[in-house]
Amino acid sequence: MVASATSKDAAMEVPTKYCKSCNIWRPPRAHHCRVCDNCVETQDHHCVWLNNCVGRRNYRYFLVFVAPGTLLGLFLFAASLAHLLVWRSREAQGFGASISQWRVPFAMLIYGILVTPYPASLLGYHLFLMARGETTREYLNSHKFLKKDRHRPFTQGSWWKNWAAVLLRPRPPTYLRFSKKYEEGDQRFGERRGRRTAPLTKEMQGGGLGVDAGKAVEMQSVGGKTPAFQGPAMRGTIDRTPRSDGVGDPQILGGVRP
């Protein structure tokens, strides 16, 4: 792990970690997804509905997916309710009679009530996160610390600037080259695929900088002078002489002689 350059007025250090699964130095805000088995830049979360990670390149498309879903649910609710109320007003009947006459609009009304809150709450939550300049992962991890120790190093200073930074920024290029020919050592098709703890070669230790350079930038051993835990101290020497009844005899297994 390498800490970024900081100044006296910096809020916090932004660490840059080396991923031993992807063999790359992760950019700031990047994390390795266990499901996708890849490092995702500015990872927000892994969406189980999309079966894909939501990150820097597709975050806006995720919002486009959630926002129309919310509007569609609201429209379904409002149109179904209006259908029942308009028929009730025209025919001078009760609301129960309109339900009996128009059961499908009533079913769509119930469906809209049940379905709409989920995408609506998800949209509101991500608008809140965008206003703070944080991702879902950063927001949840910040609550591990006291409120005074929480920092937002990537905020633009105001909610509308944070929204503009996410919604109006150009889409960055992809790192994948699907038309590129296979090269020896491509870990996407090698034996290390799916093994997150596979050992590295000497050339790849330290991010491909060599063994000596890797020792200078990677995390050092935290072992100190204090010896490792050795278990409870013995109160005296244990007498291992077998007893007359055979207990303690190493040739006796489970108390039964062979």
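Cβ coordinates are placed from backbone N, Cα and C, and glycine is handled just like the others.
Going by TrEMBL, these are the annotated features:
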- 16-142: domain 'Palmitoyltransferase DHHC' (DOMAIN)
- 223-258: region 'Disordered' (REGION)
- 61-86: transmembrane segment (TRANSMEM)
- 106-128: transmembrane segment (TRANSMEM)
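Long-range contacts of the transmembrane segment (106-128) within its own chain (CB-CB distance under 8 A, at least 6 residues past either end) are made by residues 62-63, 66-67, 69-70, 73-74, 76-77, 79-81, 84, 99, 136, 163. Residues in the domain 'Palmitoyltransferase DHHC' (16-142) partition by DSSP class (helix H, G, I; strand E, B; coil) as 76 helix, 17 strand, 34 coil. Model confidence over the domain 'Palmitoyltransferase DHHC' (16-142) is summarised by a mean pLDDT of 92.
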